[in-house]
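Here's what Swiss-Prot has on this protein:
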- 4-94: domain '2Fe-2S ferredoxin-type' (DOMAIN)
- Cys40, Cys45, Cys48, Cys78: [2Fe-2S] cluster binding site (BINDING)
Amino acid sequence: MATYKVKLSGEGVDKTIDCPDDQYILDAAEEQGIDLPYSCRAGACSTCAGKVAAGSVDQSDQSFLDDSQIGDGFVLTCVAYPTSDCTILTHQEEGLY
């Protein structure tokens with residue numbers, strides 16, 4: 001099991017957390033005291049949307065984002081595992097629409 005550095009940045013958040021490759025980014029952030037937006041926790045809405053600014057994630061459990069949005073770097077943090085050190089811009093729901 002690998003652990004990656006995930007930098008979270010946006011709306012008063014600017015922290016780097018350690019996130020194992022088998023833990024969702026939202027869950028790891030909460031465990032480390034970071035309050036990020038969420039609603040369904042199942043990858044079926046856009047409340048937790050972020051944008052990958054660097055690095056990569058596996059969000060194959062999500063069912064909301066279309067291929068174009070994923071191609072633009074959007075990520076649902078509630079169902080995203082890091083696959084490298086990465087930077088996520090948080091609070092990006094409005095950017096989806």
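Cβ atoms are placed via backbone N, Cα and C, with glycine included.
Apart from Cys40, Cys45, Cys48, Cys78, the residues listed for [2Fe-2S] cluster, the same chain places the Cβ atoms of Tyr38, Ser39, Arg41, Ala42, Gly43, Ala44, Ser46, Thr47, Phe64, Leu76, Val79 within 8 Å of the centroid of those Cβ atoms. Neighbour counts were taken as the number of other C-beta atoms within 10 angstroms of each residue's C-beta; across the binding-site residues Cys40, Cys45, Cys48, the minimum falls on Cys40. DSSP assigns Cys78 ([2Fe-2S] cluster binding site) to a helix in the three-state reduction. Helix first, then strand, then coil: DSSP counts for the domain '2Fe-2S ferredoxin-type' (4-94) stand at 17 helix, 32 strand, 42 coil.
Long-range neighbours of Cys78 ([2Fe-2S] cluster binding site) (same chain, six or more residues apart, CB within less than 8 Å of its CB): Tyr24, Leu26, Asp27, Tyr38, Cys40, Arg41, Ala42, Gly43, Cys48.
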